[in-house]
Structures are given as structure tokens and as C-alpha cells.
Amino acid sequence: MAGGAAGAGAEGAHGQDGSGGSDGSGKGAAAQADSLLRSRGYLNLLVLAVLLGVPISVASFAFLALANKLEPLLYHDLPRSLGFHETPPWWPLPLLAVGAVVTALCVLFLPGAGGHEPTKGFSPSGSPALAALPSIVLAALATLAFGAVLGPEAPLLALGGGLAAGPFRLLKPGLPEQTYAVLGATGSFAAVSSLLGSPLLGAFLLMEAAGLGGPMLGPVLVPGLLASGIGSLIFIGMGSWTGLGTYSLKLPSVPKAADPTAAEFGWALLVGLVAALLAAGVRWLARWLLRYVERQRLLLTVVLGLLVAGLAIAYAQGSGKSAKDVLYSGESAMGPLLSGASTYSLGALVLLVACKSLAYSASLSAFRGGPIFPSLFIGAAVGTFMSHLPGMPLDAGFATGMGAMSVAMLRLPLTCVLLATLLLGKDGVTVMPLVIVSVVVSYVVTALLSRPAEAAPGDAHAAPA
């Protein structure tokens, strides 16, 4: 059966970390992988990956479409329907207060507590029960659409994993736990297939975060890749059919890159150091706030929501830019930041980084969502600031900042290098050496600054999603 193949694949993946061992154990693992690939159950698993990929991709597309439609509806259309000619400067205050109340109620009273606790870091392991999915979706919508500074990837992973594994937990409760894990991972692959701009990027994200390695990597990864490819096709088809697009992360306009110089390598080192220190501050503040939020969830979630709104208002009034630079995940704001970088003064960029980082910490401690997009945006703002300095072009600063800040928050160096470079298209390949330098520096400094108790993604003690 497909479930048996999934269980065998998952068990083999957990038993092999790719770190070597004796020749006998290596040959045994290779033989196990070969036997699995030739089994009838594995073919059934591939068919199941296709069957799961289609409905999960449709559900994920609907979730992203709803979140993206609610954002302008609440921020622009609702004030106009209430008689305002434009969105008033104070509008983020009631908006985030309502979102905070809904999020807190989901965490307190609904099964699943609204999903993964963001301060525990990014970890795609595990799949929630079907009963937990309503609270995860509702808390995520209250976070994403109402202006909190978190992204959609964590609830998407939970949605995909829950929809894939949940029915099997109900219909076949006696299957090995590894079977549900592989089914959940397959659903997660399908759910995030197009979110990061490429199904391959989503595959790398989940592979690196889960710590997959060794001879069993291929057999366990292939069903997920198949689901990811199917999911990407579904996203493209749904986007074309509805006219809504694919909701993929992309930059519409990228300046042409030149070959890196020695000065740029020096700036890349500094970007990595600055990003690591900034991310350490974000994480520390988020964990410190969480201790108090857990004691008074409803009250302090509202207070922190109002704080996020206040930071956005202060930034808008102080810089003359839109409050939406601070609000929301930052996914849709990265393109305008890159294309309009020359319109941001150094003071405005410093204010943007400070307000967005504080809002990010507050959102991590009280709301529900993922850490990827805000870290990319904050890193891009840091890189844009660095591009005002002599010897650092905008494209290199933008890419190194994204890579350095994202790896400091995610601890996934390969994924973060690919994220930062592939977003720039063919010009990303040119600046990739700079991105690698900034990512490595940020990763090492982050590791040195982290507490020993903090587990990296893929570790046995990593927090479950």
C-alpha cells in the first residue's frame, strides 16, 4: 500500500543523516532505497502524491487569494465605504485591534491554538489534525489581512500537511506515524509550491528545514517534488483562469548587475554582521514579549497589535511614505522598495528598518504566521541602506541583505542563498558570490550568538510546526 511505502521511506530517512558511517551501513541504506523505489507501494505513493497535490493546491490558492483580497478590502475599500476620501492615518489602530482580538480568541479557545508558535522558529515537521485547521486558517487570516508583520508560509504548510495526513488519520488510524509524516510533507510541498517563486525553492526549503539526507533523500523527496510540480501547475492554471495571478514572490523590475568587486565583498561581510545582530535583537525581544503574552493573551495581543499600528503610523508621519511599508509581511512591498530605492533617504531607511523590526518582534510574540517574508523585506531595507554607501550597488545590497537577514531568522543557508539570488533572476547569478559571503557570515554569527538550548531546523528537538 502507499501508506506502507510512505512509512518505509520516512523510517529510512530518519535513520540516515548522510553523515557517513561504515561502508556496510551505507550499502545497506542504498539497498533499502533501491528496494523502496522498485516496490509497488512506492508507485502507489507517487500516484497518491498527484491525487493529493491537486485539491491541496486548490485549497492553498483559495487561502492566498482570500488573504490578498481582504488586505485592500480592509485597508482601502472599507474606509471609503465609511465616508472617508482616503485611508485615514489612524486607520491601522482599529484594524490591528480587531485582528488581534480574533487571533487571541483562536489561540485561547479553538482546537490547534491557531497553529505554530512563530517565536519557536521555522520548522515544517508534523501535520495538524483536521480539527485544528479552522483555527489555523482563521488566525492566519486575522494576522495577514489585518496588518501584522508575518507571512503566509507557516499556515500554508500546516494547511497542506493537515489536509494530506488528516483524512488518513481518521480513515486508517493504525498506520505507522512515519506514514502520516510523509503524507503531511507531501501536502506541504504542494501547498508552498509556487509561494516562493519556484516549486524548486519550496522543495529546498522543506528539504533543508526537515534535515533530510543520506541515501533515502531521493525516495522520500520525490513524492514531495511531484506534489510540488503538480501544485505549481495548479497555481498557474488557477491564476490564469481567475485572473488573480499565482501569488508567487517576485520582483517586477531588477537593475542590471555587474561583476562583484573587492569593495562589494567587504560590504557583504558587514551586511552579514549587521543582519545577524539585528535578527538576534528581533528574536530576543519576541521571546521576552511572549513570556507576558502567554499570561494575558487577549489583552497583550491587542496591546501589541496597537503597538504595530503605532509604529506604522510613526513611520508614515516621519518619512512621508506609506504605513504599509511597516504593516503586513512585506512581500508586496519589496518590488516598490527596489524600484523606488532612490526616493528613500538614509533617515527614512533607518526608520523603516527600526519600525519594521520592532513590529516584526511584536507580531512574532502575539500573532500567527511565518517568518520568511518579513525577514526578506527587512534585509532588503538594510541592503538598500548599504547601497547608499560608496562601492555597493543597489542589486548587490538588496540581495545580500535579503540573504543575510533571512538566514539569521531561518537558519537555512542553502535555501536563503537561493531565495536571495533567484528573486533577482539572471542578475542574481552575478551577485551570488556576494550573497554567499553575507549568508555565511550571518549564519556563523547567529550560531555564536544563539543560546545552546535553541535547536536549528532539522534537529530532533526542533519545535514542531
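Each residue, glycine too, has its Cβ placed from N, Cα and C.
The feature region 'Disordered' is assigned by TrEMBL to 1-27.
Feature annotation from TrEMBL assigns transmembrane segment to 45-70 (among others).
Look at TrEMBL and you will find 90-110 (among others) tagged as transmembrane segment.
Residues or ranges marked as transmembrane segment by TrEMBL: 130-150 (among others).
The transmembrane segment annotation in TrEMBL covers 180-207 (among others).
Residues annotated as transmembrane segment in TrEMBL: 219-245 (among others).
Counting same-chain residues at least six beyond the ends of the transmembrane segment (265-286), those with a Cβ under 8 angstroms from any Cβ of the stretch are 118-119, 353, 357-358, 360-362, 364-365, 375, 378-379, 382-383, 386, 389, 391-392, 396-397, 400-401, 404-405, 407-409, 433-435, 437-443, 445-446, 449-450. Per TrEMBL, transmembrane segment is recorded for 265-286 (among others).
Annotation comment: TrEMBL describes 298-317 (among others) as transmembrane segment.
Residues annotated as transmembrane segment in TrEMBL: 337-359 (among others). Packing against the transmembrane segment (337-359) from elsewhere in the chain are residues 148-149, 251-255, 278, 281-282, 285, 307-308, 311-312, 314-315, 318-321, 325-327, 330, 374, 377-378, 380-382, 384-385, 387-388, 394, 398: each is 6 or more residues past its ends and has a CB under 8 Å from a CB in it.
Cβ atoms under 8 Å from those of the transmembrane segment (371-389) belong to residues 118, 121-122, 149-154, 196, 249, 267, 270-271, 274-275, 278-279, 329-331, 333-334, 337-338, 341, 344, 346, 349-350, 352-353, 356-357, 360, 363-364, 396-406, 408-410, 419-420 of the same chain, restricted to positions at least 6 beyond its ends. Look at TrEMBL and you will find 371-389 (among others) tagged as transmembrane segment.
According to TrEMBL, the transmembrane segment annotation covers 401-424 (among others). Remote same-chain partners of the transmembrane segment (401-424), defined as residues 6 or more beyond its termini with a Cβ less than 8 Å from a stretch Cβ, comprise 121-122, 196-198, 201, 204-205, 208-209, 249-251, 254, 257, 271-272, 274-276, 278-280, 282-283, 371-372, 375-376, 378-384, 386, 395, 431-432, 435-436, 438-443, 445-447, 456-457.
Outside the transmembrane segment (431-449), and at least 6 residues removed from its termini, the chain residues within Cβ reach (under 8 Å) are 257, 260, 264-265, 268-269, 271-273, 275-277, 279-280, 395-396, 399-401, 403-405, 407-408, 411, 413, 416-417, 420-421, 424. Per TrEMBL, the feature transmembrane segment maps to 431-449 (among others).
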Problem - Range from 90-110, 130-150, 180-207, 298-317 with most C-beta pairs under 8 A to the transmembrane segment (45-70) - result: 180-207
